[in-house]
């Protein structure tokens, strides 16, 4: 496919480009500036001195993957990752087929937009179709099936096996993102970095990797050891930073804050990431209504300042 | 101490008593009926056919520990556990001394009230004095110290070492309760059953044990293995059940629901508990404003019904 060949060339070019300057590894994720179009977000990131952007598929779909990649490159930036694939915990045939089709589209989009890193949020329990009350079961068997976390997690392993050859053919890595256990029911049955690495273990490190987002993993007593393991295995595909703020927002997904506004020890975690040999981009991905409502330049300037003060010294 | 000798005799008597009848292992935790006095809660539990009550210290302090124990025994019930000790993550000398004094009082209360199982919620980060915004640090060193999860967790180990001899002398077990990672900043830096068992490892199993509360641990990919380990080590001191309901309440502590109202797979977890050899009481501990506001007999009847339908078949 011409598009894929072209994007493979672009990827090679960006991967050999040096990360230079103080913000040479800083990437603005478009989720931090959710109200902006892709062009506006890319312009804001460039003005703040960022070197890359992490893209969500909704921003890519605005203009199409080829045009999206060009917008980023024309601004002199890299695409550090594409989000979100996954959501493939369905147990029925139609749900599985639909999820696989969408995930294959996401793989092609990642290759086209110029990122080798496609972030997977794996999905929640069958009892859930998103945040809200559990489905009322018709029978005891249905109740159990709807809530069976062990089987649901096995289906995640099965879907990775289904997708891995297709992703590998396109030069795109399946990047498994563990989500905070607060989201296990409705968003991701993948809850720890260790669990992600266990799922990745059967595959080469350039086929299945992991994303490490401080918000999701900072609480984990096994974090230092699992970051070291992820580094030794060559699987750290993305390091994402934002803070855990309290009180939680009504939608806990929006409870993320600027680094320094909450409880996370960025010094220790970033030192562990560095010790694990990670030299890639650092994405700032903050879902927060107040930040979405704020002036773009204030947001990107704050992102750059907090990164410089709290993360960069330990990279 | 006469009081302790007396309560030791009582404990021996209750521990040899057979758990009989369908609700022979059901314990109502007073947190489920927070609006009731101790006497009202004990009466309600007895009317519903429960065999035990789990006590919070606020209910015990209403009447004093000796009188509290008598109220429970006079109703023909056992005390399955006393809650809450812990909150001992302070890093300053005064804070440590104050926490140790309160914990020694709790040990004496447990012995006096007639329970060998004292549940510890260990406390959060120094940056937190409870739910709410993080403390604003005066310096980078203070920022790091306030958020240093590794050191805070080490202090938990240090305080257990301080307390263990005193607890052992009183025949009271330090029962470590891992809390859901949602609470790591402000309530408990003890986040997984595996971490609790690691902390317990240096001590005999009758000196340090663990509480397994479905709400806090259900998400853990390592849960089955750690329950088996806890059983093999003889450390399961309490099995507590309630459900994870969505959307989360504004105070996530109150987001617990009756078994069956949420996402937790009680069949699997209870089977794992049974396979681990646990034969003790099953406490129902639900923090939920709507349940606190409801009629007592409706609450205890619902607790008994849900227990009978969703937990008892797998014990």
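Here the Cβ of each residue, glycine as well, is placed from N, Cα and C on the backbone.
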Query raised in the report: So which range, B:89-108, B:109-128, B:129-148, B:149-168, gets flagged region 'Disordered' in TrEMBL?
Result: B:129-148
Query raised in the report: Could you give the number of helix, strand and coil residues in the region 'Disordered' (B:129-148) as assigned by DSSP?
Result: 8 helix, 0 strand, 12 coil
Report task. Take the domain 'Xylose isomerase-like TIM barrel' (B:44-290) and average the pLDDT across it for me. Result -> 96
